[in-house]
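Listed features, source TrEMBL:
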DOMAIN    B:62-355  domain 'AB hydrolase-1'
ACT_SITE  B:SER163  active site, nucleophile
BINDING   B:ARG233, B:ASP363  substrate binding site
ACT_SITE  B:ASP332  active site
ACT_SITE  B:HIS362  active site
Number of protein chains: 2
Amino acid sequence: MSVETDVVLYDSETAATLDYAPDGILQHLTTGPYTFETGATLPQLVIGYETWGTLNAEASNAVFIAHALTGDSHVARGASTEPGWWDVLVGPGKTVDTDRYFVVAANMIGGCSGSTGPASLDPTGVAWGSRFPFTTIKDSVRVEARLADELGIKTWHAVFGGSLGGARALEWAIEFPERVRHCVVVAATAEASAEQIAFAQVQTAAIRLDPDFAGGDYYSNDRVPSAGLGIARRLAHITYRTASELDVRFGRAAQGEERPISSHGRERGRYQVESYLDHQADKLAGRFDANSYLVLTEALMSHDVGRGHASLEAALERSLGVQFLVAAVDSDRLYWPEQSEQLAKMLPGDYKVEYISTPIGHDGFLTDIEQLSEPLREIFS
Amino acid sequence: MSVETDVVLYDSETAATLDYAPDGILQHLTTGPYTFETGATLPQLVIGYETWGTLNAEASNAVFIAHALTGDSHVARGASTEPGWWDVLVGPGKTVDTDRYFVVAANMIGGCSGSTGPASLDPTGVAWGSRFPFTTIKDSVRVEARLADELGIKTWHAVFGGSLGGARALEWAIEFPERVRHCVVVAATAEASAEQIAFAQVQTAAIRLDPDFAGGDYYSNDRVPSAGLGIARRLAHITYRTASELDVRFGRAAQGEERPISSHGRERGRYQVESYLDHQADKLAGRFDANSYLVLTEALMSHDVGRGHASLEAALERSLGVQFLVAAVDSDRLYWPEQSEQLAKMLPGDYKVEYISTPIGHDGFLTDIEQLSEPLREIFS
């Protein structure tokens, strides 16, 4: 194994005495072949990751933060110029205090933000595209375990994530319970529900319908399936928010001077909420690969910590030594609070669900995470 | 104007003495040019409609039933071999008793079930396709008023509908309050909300993305945009049901012997809920025109009884003489019960919302309409 970074060469043998790469700067671990949960193999994996703070001598202060579906490893700004998506939570003096904790975030395998994914090249120099293996959240965690090994982290003080990131955190506690002391699962469940699968199917179908998708092998073409990805994102975004939030923000207003009710055949202008969704779609299409969206969405559909174990209950029982914090967003209509309540009930231990209270829905796990600072202080004191 | 039917020639001059066409048999009224709300004109309109029972001498027993987005005029079986979509409600001895009431249902303009729509031919024999005018629910009602005129119905004893049909019923009470005694609005609102517009946008975008859509002019091509229409239907269907219903029925089960988690690259089998949505998509694509779905969905997005009036309040004030029954489905997450509560509050009069109680969501207006039989008896006694 070797580690590549633009900044500081990391050497696992002498980690304790070396400087780490600066906080919040993307680094790459190149590791060997990997056999996926389904049996497919890739000859080489690269894991893109970032760190903040310093691992202590006992390697007892490491925290793993798992990003959500279209998130990435840039949790906090650190030494970079780009803001992080959880700057409010992670940094010097913050709830997850990087003066005290060594925070690690890895880009999920199958994604497009630094870890091997469909846009990565095979050994002959051709993008994997449609040949990229079906990937699960268990794969994500097993790959992340390699990164932990390389960083000299036997046990995480905490694994922590929301949405798909919460599913990843939970899988850490099921797959490697001996390597996790605390597990924080926000707005996530033990398994994808029928409705979550249903919304995901619509999204994946829209991407595949785009003529520019070309069966997934579009990387050498002039066009990429932005339109299909945009439709997927529009739907996903609606499910991340709530009816009342959209109504308060947009109502039925027209966008600028546009006329949603046309006098010219069927060419019509847009409502504000359509323009807003168009913007969400364009933003994602500008930064995310459609194949990665497919791979990670199908990973989310496959989410079931019980798979490979005697039962869901048996799987959760494995995490007996882990201390959990289960949290939900009260207005979430994608990862319903009832599902978090079920998870808390099924975990070995006596847990009550902590709530983020916001009218905006699922995205509250991003926007209002500081509402959990009190229960989080018990973990990160 | 002339009326065409395969069964009985209807003559408006002598309607009272003629037999009507048999109950539940599609008839056609050909009427003259029509200028849409937006100003576009079609040279001729055909209205497909069905009737049940007999109009009494005073023409005081007529009931108009408005279908929903992909519904049609076949409300009840009558003399046909096909079951109707509200057989439980409409028929001899039923709550809407066709031995006592003369029930009329018309296919909405823009649809594909007997009234002029995008698949209809222009005077040169070419399908209107992309040239079909933008259509609103006010257009639907104004066209239906022509049918009422022709049938000799000055005043409806009741107008009645659910979902888009409820919006049509409400527009009747706003556009022609002097022609409506009772108005039954089930699972519908005074105006489309931001969220309803948002879900609709995703659906229309999916249809337009389908390469077989061909800009809306596909009628002489070999292929029609079934895939895009199918994606729209999948999403719509999810919004018509609930998370808990899907979970109870399907959970995470695989469809038959299919393997949703693939060991062969990204070719994977389906979850049961995916197969269910595929089935819903295929069923609709087999019976509904994609352009009609677009036209009617955009009509639904445009729904706002206040348009053309000083305000929403002023529009609703027009219906002062109409007696309303406002009903909602308690688990509806597309036409939220709160929206029905708002409508009931804003109507001139003292109304409380009646509830259909079911775990299945919006579709409860179809499956469980008999729960309203008690409040309906006050109208149809």
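All positions are counted from 1 along the displayed chain.
Cβ atoms here come from the backbone N, Cα and C positions, even for glycine.
Overlay of TrEMBL feature records on the structure.
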| residue | record | CB count, 10 Å |
| --- | --- | --- |
| B:SER163 | active site, nucleophile | 27 |
| B:ARG233 | substrate binding site | 26 |
| B:ASP332 | active site | 26 |
| B:HIS362 | active site | 25 |
| B:ASP363 | substrate binding site | 23 |
| request: Would you report the average pLDDT that the model assigns to the domain 'AB hydrolase-1' (B:62-355)? | output: 97
| query | How many Å lie between the Cα of B:ASP363 (substrate binding site) and the Cα of B:ASP332 (active site)? | reply | 8
| task | Kindly assign B:HIS362 (active site) to one of the three DSSP-derived states: helix, strand or coil. | result | coil
| field | Rounded distance in angstrom between the Cα atoms of B:SER163 (active site, nucleophile) and B:ARG233 (substrate binding site) | value | 15
| Quick one: Cα separation, B:ARG233 (substrate binding site) versus B:HIS362 (active site), in Å? | 14
| task | Would you mind reading off the Cα separation of B:ASP332 (active site) from B:HIS362 (active site), to the nearest angstrom? | result | 4
